[in-house]
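Encoded as structure tokens, the structure appears first; notes follow it.
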Ligand SMILES: NC(=O)C1=CN([C@@H]2O[C@H](COP(=O)(O)OP(=O)(O)OC[C@H]3O[C@@H](n4cnc5c(N)ncnc54)[C@H](O)[C@@H]3O)[C@@H](O)[C@H]2O)C=CC1
Ligand SMILES: O=C(O)C1=N[C@H](C(=O)O)C[C@H](O)C1
């Protein structure tokens, strides 16, 4: 049995992760935490997630429950995830990291820790999005430099990072396929007298509204035709199911940095 720790247990993803974890054979919830001062500290994690009591109370100190888990699934916030990364590295625990919004320096810290522990790190754990990443590589290679490429993403009003981690990964896949560097060819939103479009750029547009779970469209637009690759998530359970699958997978792997393509065998 692989024992899972879920920080951010009362969050949008935390509740779905607890649900997915207790439904998955071979996994059990070993620990759950929330930020110090959170109103649900001391509550049963299963009750908070709506799946009935699991006998695991939400704590505020991960170090205190370090002997109760083998794999930590982290969907919180960059600074919080990095504190957990340090703890997991010191105690030899595997990690699944779904948090987005890391800086380049913060991503380097995750890469460094993967010398000592096994980590699955992906901005989107859904099978559909990871399939789309494959399709995007093919589309970019076929359509090449003859199209304008725009990436449009929409998420709920509470999301704090933009563009989404998924949109950025989609941009990286397309840029790599075309031999471009996303750092120099990305254009984030447009306003005013922008001039005509430069075909070598990759544009990003962000929508934040209501309760949208997560939608991504990549447009390859030529004169006379347009190809769009679209993914729409209608439930967070699609991310949670992927994350618990990754947790089962990573517990059997030696140190290293992996992504969902490794987990799914894509
Ligand atoms: N990779 C993927 O498939 C997906 C990634 N995400 C990412 O996951 C992250 C979280 O998203 P949501 O669940 O929507 O956010 P949320 O804000 O609902 O949940 C985060 C939770 O972390 C808790 N937290 C803060 N500090 C903490 C601490 N020190 N210890 C323990 N818990 C702490 C917060 O109180 C909150 O409950 C975001 O970065 C989001 O972009 C979200 C969905 C899918
Ligand atoms: O914050 C979210 O909700 C999501 N974040 C991820 C991202 O930034 O790509 C994945 C998903 O789209 C939901």
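Quick reminder: no glycine exception, Cβ is built from N, Cα and C everywhere.
Break the domain 'Dihydrodipicolinate reductase N-terminal' (3-125) down by DSSP state and the numbers are 48 helix, 28 strand, 47 coil. The annotation domain 'Dihydrodipicolinate reductase N-terminal' is assigned in TrEMBL to 3-125.
Taking a C-beta cut-off of under 8 angstroms and a sequence separation of 6 or more, residue 12 (NAD(+) binding site) has the following same-chain neighbours: 158, 236. As annotated by TrEMBL, NAD(+) binding site applies to 8, 9, 10, 11, 12, 13, 34, 98, 99, 100, 122, 123, 124, 125.
Marked as NADP(+) binding site by TrEMBL: 35. The Cβ neighbour count for residue 35 (NADP(+) binding site), using a 10 Å radius and every protein chain shown, is 14.
For 128-264, the entry in TrEMBL reads domain 'Dihydrodipicolinate reductase C-terminal'.
Residues within less than 8 Å, Cβ to Cβ, of residue 155 (active site, proton donor/acceptor) and separated from it by at least 6 positions along the same chain comprise 164, 206, 207, 208, 212, 213, 214, 215. Look at residue 155 (active site, proton donor/acceptor): DSSP puts it in a strand. The active site, proton donor/acceptor annotation in TrEMBL covers 155.
According to TrEMBL, the feature (S)-2,3,4,5-tetrahydrodipicolinate binding site maps to 156, 165, 166. Residues near residue 165 ((S)-2,3,4,5-tetrahydrodipicolinate binding site) in space but far in sequence (CB under 8 A, at least 6 apart, same chain), listed by position: 100, 101, 123, 124.
Residue 159 (active site, proton donor) has a Cβ environment of 17 other Cβ atoms inside 10 Å. Positions annotated as active site, proton donor by TrEMBL: 159.
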Other CB atoms within 10 A, centred on residue 166 ((S)-2,3,4,5-tetrahydrodipicolinate binding site): 25
